[in-house]
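K.L.:
Under the heading compositional bias 'Low complexity', TrEMBL lists A:1-21. Feature annotation from TrEMBL assigns domain 'Major facilitator superfamily (MFS) profile' to A:34-420. Here TrEMBL flags A:1-27 as region 'Disordered'. Residues or ranges marked as transmembrane segment by TrEMBL: A:54-74, A:166-186, A:192-212, A:245-264, A:276-295, A:307-324, A:330-354, A:375-392, A:398-415.
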Amino acid sequence: MYVSESRGSTPAAASRTAARGLPGPGRRSAVASTVLALGAVSLITDVSSEMVTAVLPLYLVSGLGLSPLGFGLLDGVYNGFSALVRLVGGHLADRGGRHKQVAALGYGLSALCKPLLPAVHTLPLIGAVLAADRTGKGLRTAPRDALISLSSPPEARGRAFGVHRAMDTAGALLGPLVAFLILRRAADGYDAVFTVSFCVAAVGVLVLLLFVPSRTTRPSPATGAERPSLRAAVALLGRRELRGLALCAVALGLATVSDSFVYLMLQRRLGVPDRWFALLPLGTAAAFLLLAVPLGRWADRLGRWRVFVGGHVALLLAYALLLSHLRAGVLPYAVLALHGAFYAATDGVLMAAAAGSVPEALRSSGLALVQTGQAGARFCCSIAFGAAWTAFGDRSALAGAAVALLASVALSIRLRPAEAV
Amino acid sequence: MSTRDRLLVLLAGVLVLASVAGVAVWRAAQRADRRNQVQAGGPAVHAGTVSLAAAGGPRIVFRSMAWGPHRDELASVPAADPEGPRTASGVSCLRFYAAAGTGICLQAERGPVNDTYRALVLDSRLRTTRRVGLAGIPTRARVSPSGRMAAWTVFVGGDSYAGTDFSTRTSILDTRTGDLQPTLEDYTLTRDGKRLRAADLNYWGVTFADDTHFYATAATGGRTYLIRGDVAARTAVTLRTNVECPSLSPDGTRIAFKKRVPGLSPDAPWRLYVLDLATLRDHPTAETRNVDDQAVWTDDQTLAYSLPGDYGSDLYTVPAAAPGTPRLLTRSALSPSWLD
């Protein structure tokens, strides 16, 4: 896909045109080649990481004969560390415009973790390798999203993020399939899965190094006042628009129940049979894949903020279906479709919206700030939801989350921080 | 670099990496194929009839992991000659248990895009009488002493990036009425007189006292509990903490279990302990290695359990009372049941 699109114009030239926001002939229909290259990198990397994710439980239980329960491979402390890594990654990327280098560091670190997995045989060490893998993910996310936003004209950012997220999700869907094919060929060949996963990840790094231009912005005197520094990054929150956006993202994040809870509720409340349980995340991913581009385009046309808030309304509907006493056979599909639509309308769209409120020189830091706020809020929600479940039961906990979500949506509609974007 | 050069570099890189990947898969496939060859010095295995029927003579039925064409099949050996020739049944199971003519076999089923797992209820001639789809990777299986009730535990997880959430699901099936309780999480669990509800509540390792009462492990908030459950009332009550994978003695007075002993290395935290139900006091067995298994009582004095071995796992026995020494029972074997 990428190769055919990029032929005829070098990626660097294309992205420079895009970064200036010039409509240019044919630019309306084509997504910047940098975005496609980054999409390809994410697709390849997700194939690699989801291969590991898919076989890890089997590897631990069948391959190593371990009982993974009760170890908590990565704990809450790590989640805090991960948020910090994301901010650091954003800040490092902005200094000297090293988005590509920091992203490459992140992708490279994750790739190097793959061959380590079969070399360690105890859960604490496996936990450490997974933590390093996720550190790589934390480092690369903000610079990558900054590159996407910097290489797309502002009026088509929603679509650019949509294309990237769709490619990313396609990789996530392919990964388990590749792992399965390897295990089919070589029973118990977990080491082969990890080795192939490393090779795939290395191809991703190669594509990044070769096809993503290192400079997407030209230093201009106008950005001199926003020279990237930690203070400038923190000062971003002084900007009314970004502050409002981050506030709403945090408020909505505080009412966003984590995926595993949604799947657990699906099973408990709608009686999804056990043998389908492992396939539930695929339903969300499929809807996300199909809707990411159309909703990204909508976001460009109707306003990113509207689509972002609309995505949370979809999540609210999913909660409502889970709480309802309806018992139709299509309900689980409807919940998964709404859950996927929620991701399609929020994940890339928030970045597209936030990009408009952050100056180019601080793009990574700004996006990292918003992402970290959102991720932190969702983590708090998970803890609160678990506590509410313990105290009041699952139904009441979800009802509470629905009320909180309704309040956050109302707040977001009232604040309208990015209506102009 | 021109686009053409970049593509050439990419092509070269992909070729190199694809070769590495191809060799890795090829070597793993070779290794997998070797496991289908009979291992030198391994136990003799021949195809035959395995029966779970009562009065078939004292014997052990288990999953034979010995390399060769009968790898992972249910096999039987005379109880008096555990290292003797094995009779393989042709039925493959990952986990297995049997009592009074009823067997429960947890097996993998190959599908077009992934493997799924199912539980089979087997009659005394190993014919399948019921199939139940499973949500994850099988780990524990038990049948009540009468052969009527069956229970199993599977691991569910790996759906988040880097697979950090693992949970278990434990189901109980009444093989006479066909009534399936898909998860013990639907039970009303009481701790110190108060109902315990938690999103992180997990159950595993059922062991039956009779067709109504059982013991199992419940876990929440980083602690494990021994629970006593009632299948008919769908209730359970916690008895004490730090008990995993309980196994009730035939006389119903003691429970063998794996205990997380403080101060041990986090990658080998469990030791095999025995708990007296009357006093709720426990004592260690003579096995000093890490035991990650739900033990089986071969009689009222002896415990059998698996430890990792060169070919999957090996079975050992140890006296349930404190003194004594662990003894190797047989190699390349898992999930044993002692039948009369």
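A Cβ is built for glycine as well, from the same backbone N, Cα and C atoms used for every other residue.
Annotations in TrEMBL come from automatic prediction, not curation.
It should be emphasised that the depicted structure is a prediction, and the values quoted were computed from it without experimental measurement.
Could you place the listed features in the three-dimensional structure?
P.N.:
Remote same-chain residues near the transmembrane segment (A:166-186) are listed as 36, 39-40, 42-55, 192-193, 196-197, 200, 282, 285-286, 288-289, 292-293 (criterion: CB distance under 8 Å, separation of at least six residues from the stretch ends).
Within its own chain, the transmembrane segment (A:245-264) is flanked in space by residues 237, 277, 280-281, 284, 309, 312, 315, 318-319, 322, 335, 339, 350, 353-354, 357, 369-370, 373-378, 380-382, 384-385, 394, 398, 401-402, 404-405, 407-409, 411-412, 415, 417-418, which lie at least six positions past its ends and keep a Cβ under 8 Å from the stretch.
Tertiary proximity for the transmembrane segment (A:330-354) is limited to same-chain residues at least six positions away from its ends with a CB under 8 Å from its CB atoms, namely 145, 148-149, 157-158, 160-162, 164-165, 242, 245, 249, 259, 262, 266, 270, 272, 280, 283-292, 294-296, 299-300, 304-305, 307-308, 310-312, 314-315, 317-318, 321-322, 366-367, 370-371, 374, 418, 421.
Outside the transmembrane segment (A:398-415), and at least 6 residues removed from its termini, the chain residues within Cβ reach (under 8 Å) are 244, 247-248, 251-252, 254-257, 265, 305, 308-309, 312-313, 315-316, 319-320, 322-323, 381, 385, 388, 392.
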